[in-house]
Amino acid sequence: SRLRAGHAGSCSLEFDLATNLVGQPLVRQQVMKGLREFLENSNPVKPLVMSFHGSTGTGKTYVSSMLIRYLFQRGLQSSYVHHFSPIVHFPHAEQIEQYKESLKRWIQGNLTNCGRSAFLFDEMDKMHPGLIDVIIPFLGPSWVVYGTNYRKAIFIFISNAGGEQINNVTLALWHARKDREEISLQDLEPAISKAVFENPESGFWKSGIINEHLIDFVVPFLPLKHHHVKQCVVSELIQQGLEVRPDVVQEVADSIPYFPEEEKLFSSTGCKTVASRISFFF
């Protein structure tokens with residue numbers, strides 16, 4: 001089958017998130033809740049819509065590809081998975097009307113072909129405002145749109161927008177003696193909302209997707225601390241088949257910039273540059 005069995009997939013996804021996703025308890029909780037509820041319902045009222053927010057290197061792309069890998073046997077290579085990047089697919093502001101038309105046709109055509117399709121929208125912070133609204137008819141609870149039953153589809157929006165605000169809230173809570181692991185979604189939602197949905201530069205600016213509350217799960221990715229980066233280094237060494245030497249792990253983790261300047265608590269680039277830095281040592 002093109003789609004993996006729901007329960008087996010979600011159990012193994014839960015294990016993989018717990019084992020391989022570093023320092024993101026809120027992400028695990030939100031993604032598993034959303035996916036489990038959605039897959040257990042044979043007749044969902046609307047597609048599953050998730051929006052991932054956080055700064056560079058915190059795991060947004062990693063989690064979305066992991067999720068897709070568990071849902072579709074060929075993962076991101078599956079013909080039922082569609083990946084959009086504003087820089088690649090929608091580069092010219094003056095062609096926005098053309099992009100709207102082709103995006104709507106593409107989604108409509110693929111949902112007609114297979115209702116259980118997945119659509120990933122990368123770098124929503126670089127998306128032209130207004131463009132994304134053409135997909136609104138596919139996200140809501142209507143039964144049929146353009147002759148397609150599309151309520152089993154999955155939409156994932158990925159964005160660096162809100163990352164700075166998430167980092168600021170995490171830092172403020174740390175100063176207030178609230179541990180990173182104790183941070184709740186309620187602590188972060190107002191900051192994300194302001195940064196993402198009220199920002200004229202954002203692809204969600206004045207979007208009906210927000211006004212009509214079509215996003216089911218807002219998933220915040222927290223900034224990573226030094227010990228999380230060390231875990232990333234260990235994972236990367238294992239993945240590359242290299243020896244896990246404590247001195248290399250320490251040096252790679254230490255070579256990454258941290259913020260704020262005085263306390264150096266959180267990695268400025270998450271785990272994004274870990275792989276390239278390891279190459280200096282081998």
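Glycine residues also receive a Cβ, built from the backbone N, Cα and C atoms like all the rest.
Keep in mind that TrEMBL annotations are predicted by a computer and have not been checked by a curator.
Now, the feature entries from TrEMBL:
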type: BINDING; residues: GLY54, SER55, THR56, GLY57, THR58, GLY59, LYS60, THR61; note: ATP binding site
type: DOMAIN; residues: 224-281; note: domain 'Torsin-1A C-terminal'
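Taking the features listed in TrEMBL, we show where each one sits on the structure.
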residue	record	CB count, 10 Å
GLY54	ATP binding site	29
SER55	ATP binding site	25
THR56	ATP binding site	15
GLY57	ATP binding site	23
THR58	ATP binding site	32
GLY59	ATP binding site	25
LYS60	ATP binding site	25
THR61	ATP binding site	15
**Prompt:** Tell me, what is the mean pLDDT of the domain 'Torsin-1A C-terminal' (224-281)?
**Reply:** 95
**Prompt:** Relative to the mean position of the Cβ atoms of GLY54, SER55, THR56, GLY57, THR58, GLY59, LYS60, THR61, the recorded ATP site, which additional same-chain residues have Cβ within 8 Å?
**Reply:** TYR62, ASN160, GLY163, PHE221, GLY270, LYS272
**Request:** Summarise the domain 'Torsin-1A C-terminal' (224-281) by DSSP state, stating how many residues are helix, strand and coil.
**Result:** 31 helix, 5 strand, 22 coil
